[in-house]
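Copied over from TrEMBL:
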type: TRANSMEM; residues: 6-24; note: transmembrane segment
type: TRANSMEM; residues: 36-54; note: transmembrane segment
type: TRANSMEM; residues: 87-108; note: transmembrane segment
type: TRANSMEM; residues: 120-145; note: transmembrane segment
type: TRANSMEM; residues: 157-176; note: transmembrane segment
type: TRANSMEM; residues: 182-200; note: transmembrane segment
type: DOMAIN; residues: 314-419; note: domain 'Sensor histidine kinase NatK-like C-terminal'
Amino acid sequence: MVRDFGIMIFQDFLLLVCVYLFLMPLHVMEKKKIKNGLILCGAWCVMLAARLLIPAIGEHLIAEFFMRFVITMIAVGLISKKISWEMIYCTVWPLIVYHCINIIWNSLHRVSAIEQQPRVLQYLFSLLFFAAMYLLLSITLFRWLPRNGFYQAGPRRTLSAAAVLFLSLFSYYNFYQNRGESNLAVLVQLYCVTFLYLQAELFKKSEVKQEYALMERMWYQQKKQYEIAKDQMQVIDRKCHDLKYQVAAMRHIENPTEREKNLKELEQSIRIYDSIVKTGNEILDTLLSEKSLICEARDITMHCVIDGKKLFFMDSIDIYALFGNAIDNAIECVEKFSEKEMRFIDICVAEKQHFLYIRFSNPIERAPEYENDLPKTTKKNKQYHGIGLKSIRHIAEKYGGDISVSTEMNCFNLEVLLPVK
């Protein structure tokens, strides 16, 4: 099978288009699609220069493969701005997909009348075929593979993918050595793609299991935290009761100056107990009192308009987890503000038309970006951050409800709607 220079640089171009489409669903491509596209264009120019400077590359498929692999991996590294297993994984996948599509095209080319057409028409048919295949892959495989905008590719996953790549390369080499007459090569390439896809799905399922296991650990930790907080609130209640009598006794001190001094000191020391919240729900009272103390220590105002009795149908730990996660997120957000008027959290619980309506509101610096109807994390550890909101959604779905988030007037609103049973 004759391969001229024009075909080779055209194939280089098609490979880099495959790389671009493979990276498209990832976070690294957000708002930088043009810049990253230029990086891949630069990679194509480097491939072109390598072929011009070292013509022997086009005569040996193995040398051509390593040239493509190295230049593609460097380009992916420049896009991701880091050296990682994920960078190698994102190089392996497009190469295997490209091998598969290229062999399918050459098999069709051999058995059809396309080979008899003028060179321009052959390029046109080739471009149309690859465009159709890439479009199909863009709306299916390339969109399904990543999870939350990432390929969580570690050593085991990447090395197994690399082993499949060498099998794909061997089949690709054998196909061209036999001048495109090996039908087995098509099956081998399809096997390679199928294997990697199933591997990716298994790893994603494993990640989901780990995430649920993490949520379960958080659930048990919050349960223990609730039990500790409940005991602490009981101690506070007893101390408050005792302090009331101490204050009453002090008022009988005859020396007015000494009496007022002692009273002020005592009232100052028990001011923290003003944070105890009464909503009509013991679990919620415990949690809100605990969070209110935290807010007071951090100079954050928490406003509560809550009818705790409406939460009667919810399990204690679900109440604690839902409100605890939401308030923790709000505290983390508002404590970044230096202005006193921006350091507040509003919480509302009410029944509306046989639905329990729960809303958390707090100021926000700027509107977040969303993914799967939830705000994207701004933390460096993006894999597990955001578990709090996912946990809230999971609790809402447990009771047949749902959550929604919105940004309005520089305020972030988290709303939970649950059917009252």
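Start at 1 and count along the chain as shown; that gives each residue its number.
Backbone N, Cα and C atoms are what each Cβ position is placed from, and that goes for glycine too.
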### Message
So if I exclude everything within five residues of the ends of the transmembrane segment (157-176), which remaining residues of that chain have a CB under 8 angstroms from its CBs? That is, six or more out.
### Response
1, 3, 61-62, 65, 85-86, 88-89, 92-93, 95-96, 99-100, 102-103, 106, 182, 184-185, 188-189, 192, 195-196, 199, 203
## Note on the structure
Grouping DSSP H, G, I as helix and E, B as strand, the residues of the domain 'Sensor histidine kinase NatK-like C-terminal' (314-419) number 34 helix, 38 strand, 34 coil
### Query
Taking a Cβ cut-off under 8 Å, which residues six or more beyond the ends of the transmembrane segment (120-145) line up next to it in the same chain?
6, 10, 14, 17-18, 21-22, 24-25, 93, 97, 101, 104-105, 108-109, 114, 151, 193, 197, 200
